[in-house]
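Notes follow the structure.
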Amino acid sequence: MPKTLTEKLNAIKAAGKGIFVPYIMAGDHEKGLDGLAETIHFLEDLGVSAIEVGIPFSDPVADGPVIEEAGLRSLAHGTSTQALVETLKTIETEIPLVIMTYFNPLFQYGVENFVKDLADTAVKGLIIPDLPHEHANFVEPFLANTDIALIPLVSLTTGIERQKELIEGAEGFIYAVAINGVTGKSGNYRADLDKHLAQLHQVADIPVLTGFGVSSQADLERFNAVSDGVIVGSKIVKALHQGEPIQDFIKQAVAYQK
């Protein structure tokens, strides 16, 4: 596997394919965290580009009802940040993992300890949706000599100069937030969304992935056309929990040719 998340995603981009990153909630499995490796390998076998792994939190301000409920199920299974870290140490995969966590669980664990404990795992990225750009210095110094990238989230309502500020020096990929509000609100897009995505894509020197509300074949086609790929969360989480078939959707996403 390429050493960094950026290298992995750039290789997919160079091959003329769309990047596809599914989101899963750690511990949202009938086996709790004991089922995490099974889910990761299921997605890996389908050819996904990377996997976003959520840490459950009791006050998930950016999450819609599907992911919020998944977090509550995970917490009910006894998932903790410490237990997740220990589980990740045991999982062997060629797919880079990206941790999505609110700052509170990270703060409680200790940012430096968290980064050190993940050093020899497949984790190559970190998303903290409630960490303002101005406070990135709480985390970035601990990532400086690692292969873990701090992923910026960029709202498409943000002006171009602010976008440039948010993505300056970023690694991994840029998470373009397609909707205003929480995850899972499919189809609630701005009329000028494509224009703003294209604008962000022009000023970025790493892959731009679109997320929040992406759930249909039409969404895959639309956002692959104006960005480098997509992140899908609620649709994946719901299907895995309810035992619904999701393989065909993932295969279509993975096979998308630019």
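Backbone N, Cα and C atoms are what each Cβ position is placed from, and that goes for glycine too.
The active site, proton acceptor feature in Swiss-Prot is assigned to Glu52 (among others). Annotation note: Glu52 (active site, proton acceptor) sits in a strand segment as assigned by DSSP.
The active site, proton acceptor feature in Swiss-Prot is assigned to Asp63 (among others); the stated evidence is sequence analysis. In the shown protein chains, 26 other C-beta atoms lie within 10 A of the C-beta of Asp63 (active site, proton acceptor).
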Applying a 10 Å Cβ distance cut-off over all chains shown, what neighbour count does Glu52 (active site, proton acceptor) have?
24
